[in-house]
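Shown next, in structure tokens, is the structure this report addresses.
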Amino acid sequence: MDAGRRISYILSDKTSKQKKTKNISYIEFERNNEQNIMVSLSGHILGADFPEEFKDWVKSDLDKLIDSNIIYKVTNQRAYSALKSFSGIDNIIIATDYDREGELIGVEALKFIEPGYTNIRRAKFSALTSQEVKDAFDNLLDVNYGLADSAKAREEIDLLWGAVLTRFFSVTSNRLWKDFISVGRVQTPTLALIVEREEEIKSFVPEKYFVINVTFNKGIDFQGVYEKNIKDEDEANKIFNAINGNDGIVKSYKNEKKEVYKPPPFSTTDFLREASRIGVTPSNAMKIAEKLYMSGLISYPRTDNTVYQRSIPLKSIAQKFEGTEFDTEAKMVLGQEKIYPSRGKVETTDHPPIYPVSYPKKALTGAYKNIYELIVRRFLATLYKNAVIEKSDADIDIKGYNFKVSGEKIIDNGWFDIYKYRKLRESKLPELVIGETVKGKKWDMEEKYTEPPKRYDVASLLKLMESLNLGTKSTRHDIIQKLNDRNFATGNPLRPTPLGIGFIKSITTIDSDIAKPDMTAELEKEMDKIAENQKKLDDVVNDSRNMLHSALKGFRGNKEEIKETITSYANKGDSIGTCPLDGGEISLVKFRNFSKIKCSTEGCKINFNLNATGLVQMTDKRCDVCSLPIIKIIRKGQSPEYRCVDPNCEYNRKKLSVGKCPSDDGDLIIRQSRYGKRFLGCSNYPKCTVTYPLPQKGVIMPTGEICRYCGAPLLIMVNGKRKWKFCPNMKCEYNRKDKVEKSESENK
């Protein structure tokens, strides 16, 4: 049920009717003795574009493109026709999502309804529940035209920056059609953060240092660490020789109870970060959250707010989970003498934090179940008590050298009992007495090296983008997804591709502001001022046009340098390690239909084509057989495949083999065709041409059994909850005469 149908269903007390006239669908219902018509818009009715004369990327004058009038075309013909078809309207109520985009969509609709109406109102709600929707329609607001204009400004500015700079960089580097270079106002500085971190990692020089540890014992073992990391090896040896074999004397000891505060309510960014940690990508998590909202299960999922409004019936919502799979957790919350919800640092008035509003009548499955459970557990955790730990700290002296000792003991697990995604960890420390001697049991000196900064994973990048005001709660997850889709960055943690590095380097060598978060953040503030009616839409857009003219002028003066930088990096490949044969650099070079692994040393035998389709990602692992890098290949509908970069390595043969070929003594190996289809082929190809087709989705496992009819190895196929045994020879009698085997042992 879409939002329009759900709203009309609620307002009509379940008597609304779906109607169709001249291929125009709408919903009709009666409320308060008035006839109502509900039109579902399903997104923008108008799309921003440039005049037809600027259609050609190569021939268009980019300065004229910057100054051209942006035109709007109807992109939602169904909604347009519906709005134009009605007459005799007394009142108009906009009930789109209450945010910038929703306000703009509603204002767009007004352009196509009979002109002259002034009785236009706005319904604001944050959950598709009966109470919220009815309250919203009983307490209508005015339309916020400033909010709509801020969304329109963002649309026009993003179109200008994206179109002009995408054309410039794509044409300059001769990368057109599918290989074009996408430039975005928010996307580009976000990519620059990833590239900058990669440069920090590559330029990082590890520094050696020494750590001295002592294991003490007083009933239980506990560890002390010398208070400093020591860079000088002679000094480290001197200290170690002095303390080795000696007991310690307790110089200070304190322990105190501390609260571990419960988490704040979910904002969109916090929600997406937590979803990423349970294996759901931000883009998928947002799609799922939107569907849960449309189903009336959670509140509106696009919000910066981390403080529950007093009007939200927190206790009543918690009671909805009694008698469900969350019964224990709900009773824990409701059993408290008083419920004190946690508060975050951001409080807004547009929408509340994300919270559950009802329990599903039909059981959810897969990622939908996981995301809903995450939201429910976070909500209940914000209402439960803080955890309590006892933290102990001590200083122990050995021969004048101070060793730090600490421990934590869980007193009350508190909200951790509800929010299963995090755990408290204990490190027990016995009760110590100042002045007492504690026995030394083991003395160690360890040589270590400083480590480079970590790459950003999706969760940490979302947090960084929020702190830098890059993008909005509604767009950040899409920006990260676009970097992946457009071959600028891959994996999680995010690693920039050679194209991504080359593109950012071509910009930063000119010292352009478009790769810096400051410019984008400043534009976001300007758009906020439009929403607050402190600035006009046209003024902000024109200021942005002037900035774009200036940026384009700087790039034009460095066209050859830009072309050379992008081309050289794009052709270079992604460094994945050091060659074990000659110390050269091993790179992964991606082409349109295949990838190549090659060593930088001319004549090195490490030069392999990867006929594998799918997304190729690097890992930090090395092959146990030949020491070359292990890569990870991700294909839709299949489990990730890990393989050695050398296609002929024994590692791959053993890992991909499902049994012996019935025609000769070779192994039947899972292979990929050039079109991405997997099949079984003999390892003795081309001498042996035996092949068998395979199902394209699911996990294939060998059984160790031989087909009694044709001699091929029998396999097990697992696809979701289904599991069955089959012979890969599709013409074999086994698949026709023997029924599918689903023994209890296979389904355990």
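Backbone N, Cα and C atoms are what each Cβ position is placed from, and that goes for glycine too.
TrEMBL: automatically predicted annotations, no manual curation.
According to TrEMBL:
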- Tyr300: active site, O-(5'-phospho-DNA)-tyrosine intermediate (ACT_SITE)
- 1-128: domain 'Toprim' (DOMAIN)
- 144-552: domain 'Topo IA-type catalytic' (DOMAIN)
- 182-187: region 'Interaction with DNA' (REGION)
- His44: site 'Interaction with DNA' (SITE)
- Arg154: site 'Interaction with DNA' (SITE)
- Asp158: site 'Interaction with DNA' (SITE)
- Arg302: site 'Interaction with DNA' (SITE)
- Arg486: site 'Interaction with DNA' (SITE)
- [ ] Based on Cα distances to Tyr300 (active site, O-(5'-phospho-DNA)-tyrosine intermediate), point out the closest of the recorded sites His44, Arg154, Asp158, Arg486.
- [x] His44
Task: Pairwise Cα distance for Asp158 (site 'Interaction with DNA')/Arg302 (site 'Interaction with DNA') [Å, integer] - done: 20
- [ ] Taking the Cβ of Arg486 (site 'Interaction with DNA') as the reference point, list residues of the same chain whose Cβ is under 8 angstroms away and which are at least six residues distant in sequence.
- [x] Ser182
TODO: Measuring Cα to Cα, tell me the gap between Arg302 (site 'Interaction with DNA') and Arg154 (site 'Interaction with DNA') in whole angstrom.
DONE: 17
Task: Fewest Cβ neighbours within 10 Å, where candidates are the recorded sites His44, Arg154, Arg302 - done: His44
- [ ] By DSSP assignment, list the helix, strand and coil residue numbers for the region 'Interaction with DNA' (182-187), in that order.
- [x] 1 helix, 0 strand, 5 coil
Open item on the list: What does the structure give for the C-alpha distance between His44 (site 'Interaction with DNA') and Arg154 (site 'Interaction with DNA')? Integer Å is fine.
Closed with: 14
TODO: Would you mind giving the whole-number mean pLDDT across the domain 'Topo IA-type catalytic' (144-552)?
DONE: 94
- [ ] Across all the protein chains here, work out how many other Cβ atoms are within 10 Å of the Cβ of Tyr300 (active site, O-(5'-phospho-DNA)-tyrosine intermediate).
- [x] 25
